[in-house]
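Visitor: The structure is given below, and queries will be raised subsequently.
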Amino acid sequence: MNTLFNTVNFWRYNSSPLTQFEIKDLISIDTPILGNLHISITNIGFYLTMGAFFLLIINLLSTNYNKLIGNSWSISQESLYATLHSIVVNQINPKNGQIYFPFIYALFIFILINNLIGMVPYSFASTSHFVLTFALSFTIVLGATILGFQKHGLEFFSLLVPAGCPLGLLPLLVLIEFISYLARNISLGLRLAANILSGHMLLHILAGFTYNIMTSGIIFFFLGLIPLAFIIAFSGLELGIAFIQAQVFVVLTSGYIKDALDLH
């Protein structure tokens, strides 16, 4: 009876699909002695730390310890490693791809783990927050820009000049290319957060709708099995999106690094 009451209260006070994305303090400490210093652990910080902890556990489980035959964890991680390595090397080039692959691999695992954690019911989707994804995208684009200037100097601005551009259209096209280059900061982070955010909101709306149907009577309970099956299928689709968005993020990152290195 208490469980049912708590469930009813949950859907009553969490009717908004945006409630699940609120950043809240899990633990907070106020220290007036140090000048009203507020120390807190938020839900996004907690789940990001949990993601790092899970990553450590997965790496320990996938370690072969010099065994000839690896376990299922090591085989899956090696397959993922080989797939990403092929993508990065083909996207950049065999030489520079080896240099930047560790960073891109760590970035992929970080995004993927946090995407999957967000799929767990009553957890927190860290990658649905624009503050996190924009921090990643701005840092990556800024780093690629610094890399380009470090290698090419002022010649890096030739990236903004399209090949075979007529002289009369040069100012306009350079302006368009410059705006397009700046838009990378927004588009890279926006794509990831928007896909995760929209998927979780839709699942929340469908779950609330299904719950209201199934608690309206015995007949409606069986009718609610239809949208419940759709929710289960859509959850499987969201798992696929979690992998796809992580892959898209690192593919675009590899492309930005390639542009900075090769100026095209």
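Each residue, glycine too, has its Cβ placed from N, Cα and C.
Annotations per Swiss-Prot:
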TRANSMEM  41-61  transmembrane segment
TRANSMEM  99-119  transmembrane segment
TRANSMEM  129-149  transmembrane segment
TRANSMEM  156-176  transmembrane segment
TRANSMEM  194-214  transmembrane segment
TRANSMEM  217-237  transmembrane segment
TRANSMEM  238-258  transmembrane segment
Visitor: So which of 129-149, 156-176, 194-214, 238-258 has the most C-beta pairs under 8 Å when paired with the transmembrane segment (99-119)?
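Guide: The stretch with the most contacts is 238-258.
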Visitor: Six or more residues out from either end of the transmembrane segment (129-149), which same-chain residues have a Cβ under 8 Å from its Cβ atoms?
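Guide: Long-range Cβ neighbours of the transmembrane segment (129-149): 21, 23, 44, 107, 156, 159, 184-190, 192-193, 249, 253, 256-257, 259-261, 263.
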Visitor: Report, as numbers and ranges, which residues of the same chain sit near the transmembrane segment (194-214): CB under 8 Å and 6 or more residues beyond its ends.
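Guide: Beyond its ends, the transmembrane segment (194-214) has Cβ neighbours at 7, 11, 15, 17-18, 20-21, 115, 118, 125, 127-128, 220-221, 223-225, 227-228, 230-231, 234-235, 238, 241-242, 245.
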